Every structure is written in C-alpha cells, then in structure tokens.
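This report refers to the structure that appears directly beneath it.
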Ligand SMILES: *Cc1c(COP(=O)(O)O)cnc(C)c1O
C-alpha cells in the first residue's frame, strides 16, 4: 500500500494533488510520501518484535537528507556503502552507533572517517580489507567492531546485476572459508568480531533464498561460537522485493519475512540487523513527467516525454518495469493506447517501455512512474546536460522541495576552464 491514490479523478500524493506540485516545481520531478516511508519502516520494525533488532535503511536506494532525517527520527539506523553516504547519514542526525558500513572496496580514508566519527560495525568483505582496517584502527589507537560478510552460495533468483550471494559474485568470502577468515580476524589487533553479515541480492520475490542463506548463517553461528568467537549480532542484509507490476506480482511482505527470521534464528540469542532499501523507499516515490509529443512510427506510436534515462535509469539499465499512469484519472472503459514510451536522450536505450498498453494520453499531459522512490534519484545524472531533477517530500497536505533543480548556470559553472585555454 502507498499514498499515491486517485481522488476525484486526480492523482494525489497523500493530501496534495500531484498537478499542484508539477505547477510549482516543473517537470520532471520525484515526489516521496512521508507516510509511506514511515509505514514501510515500521512494518519491518514490528515484524522483528520479540528479537533485539535494528532496521538499518540501505540509503543507497534513496539518500536525500530529508528522507534520512524522517527515518532516522523514527528510529532507523543506516546502512552506508561509502564515505559520502556516511557523512550524509551523520548530517541527517543519525548517530554513529546506528550506522553500519558495508561495501566491497572501503578505502583507508573511509575507514578513518567512520572510526573517528563513530560506527556500529564494519561489514568486512575480504582478508586484505580486514588487514587494512586493523592497521587503520590500530594507528588511531582504536578497535574496529566487525562482521564478516559471507557468501552463502544461494541463488537469489533475481536479475543478475543485483544478485550478490552466488559463488562467483564479487561480494563477501565463501562461507566454507569462514572458519579460517574468522581466525585471521581474531588474530588482528585492531579488530573485534561481533557477528556475521550476509546479503544475497536485491528485488527478491520469494522467501526461500533468504531462508536457505539464513539456515547456513545459523549453522555458521553455532560453529564459530564453538571455535571461540563471540557472535552477538547477525546482519541479514536487505533485498526484499516490491511489486513493480502491481497487476501480477505479490512478493512476500515484511511480516512474512520477519516471521521467517524469527523461526530460523529466534533461538540463537543474537541481535538482528536488517538492511532494507527498496522495500522502504521504492513504493514511497513516483517520478512525474510530461508528454512532449506523440509521434507516429511505421508500426508503432512513440510517446515522447520530458523525463529520460538520466532521470530514471532502471528501465535502461536492468530492463526494469514501472507502472506508468496518467495523473488525470480515466473513467473505467476509457480509450487505451499502445506506446513505446521514450525520453529525449540521443540513445535508443532511452526507452521506458515498449508496446505498453495504457490510457491514451495527449501532449502536455502529466504521467507518473510508480515505484520510483528507490534507485531513482540516487542513480540520476546530468547526461545530455539535463539538470538533475528536483525531489519533493509530502507530509499530509504540505509539500517541500528537498532537492532543488539546479539552474542551467549552476550546472554549467561546475566546470572550470583552465587559464591556459
Ligand atoms: C543494496 C544493498 C542493500 C539494500 O538492498 P534492497 O534491495 O534495496 O533492500 C542492503 N545491503 C547491502 C549490503 C546492499 O548492497
């Protein structure tokens, strides 16, 4: 459920007409619903009731300060994957002891940043990283709390670009080498082992791969404890999927996921961390765009819109599906049409949908891409010198621009021309 619904024939974001936002900020733009963000966070939080836990929002899915502040104030921790994300989380008021640092290529600078600013734990992904982190921590007179990310070799049954827990993926250490890697960790002076980390991929639409992975983590917990390691915390990653195509998808709910976690891991006496991104932010946002032209091709009709792959890259990058709806609702039985929906960028890949059947729309009409709150704005660029599009946050009947569209001058003046030219 989200808070983008038709009311009296017009699409609303909570209590604000989407057309009103479009008139204020221009198209294209992103708009997020506070109520949906909070609802999704709380669903996870409540799903793990009964076990000690922390829900760490994977902020790579949406890292706007306002979104982070909203979730942070509600009690969320953050899962960060770069120094920039770490600083963003801190700037949004999240305390270091609620920030988990993930990522396969953390630099010494990023380690120093997090150690000195405070961090809940590093999720370490390799032996060289382990040695580096121990050196950095020792040089600061500190000890870094760590988990080791293990690769459980399970098939997440998702898109190959977002599968991360299969043998051959670049992430984590093979689970059958965990014993020797944990022994190394215990021998390094700058590290303190606190747990195990696993993250098998994104947009998972079934619970089975999670369960298979968590069973392996459970066995590993018992084994590592027997080998003398203190495993007090399990970081179970993120990855629960959302229904992008609402008419025919129904991925498991956070409640089902939580019940499974409690069933598999409930008697281990561990604290649980989870790192959901998409399920918190995905359906909490839409991208609104305007139709520029309807163009008749030989055998198809192109809907040319003012949004493009630089604004929302998921369709071009992953072949991802987004529901696309008109902002002015059509009565039941209204005329529909079949379009190739494309942006203005000079690449054929700048295509949001091919042969999409939807309500017939006209030039200058507003359309909305659903489920665009995750991996939307954060992956945008200024390709073709199209300024980054604004982000708007709605709460009840109020809305605010939470990232301005840069002016052309601001965009252009970021370049500098050397004096010698
Ligand atoms: C991407 C990522 C997540 C979040 O994945 P979602 O599919 O957005 O829930 C969580 N943890 C790690 C380590 C990640 O790389």
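Cβ from N, Cα, C; glycine included.
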(request) According to TrEMBL, 314, 318, 347, 375 bind substrate; so which of 263, 278, 414 is the extra one listed there? (result) 278
(message) Suppose we draw a 10 Å sphere around the Cβ of residue 239 (pyridoxal 5'-phosphate binding site). How many other Cβ atoms does it contain, all chains included?
(response) 28
(request) Measure from each Cβ of the recorded positions 318, 346, 347, 375 to the atoms of ligand 1 and list the residues where some distance is under 6 Å. (result) none
(message) How many Å separate the two farthest-apart Cα atoms among the pyridoxal 5'-phosphate-binding residues 239, 275, 276, 277, 278, 375?
(response) 15
(request) Determine, using Cα-Cα distances only, which of these recorded positions is closest to residue 239 (pyridoxal 5'-phosphate binding site): 60, 314, 318, 346, 347. (result) 60
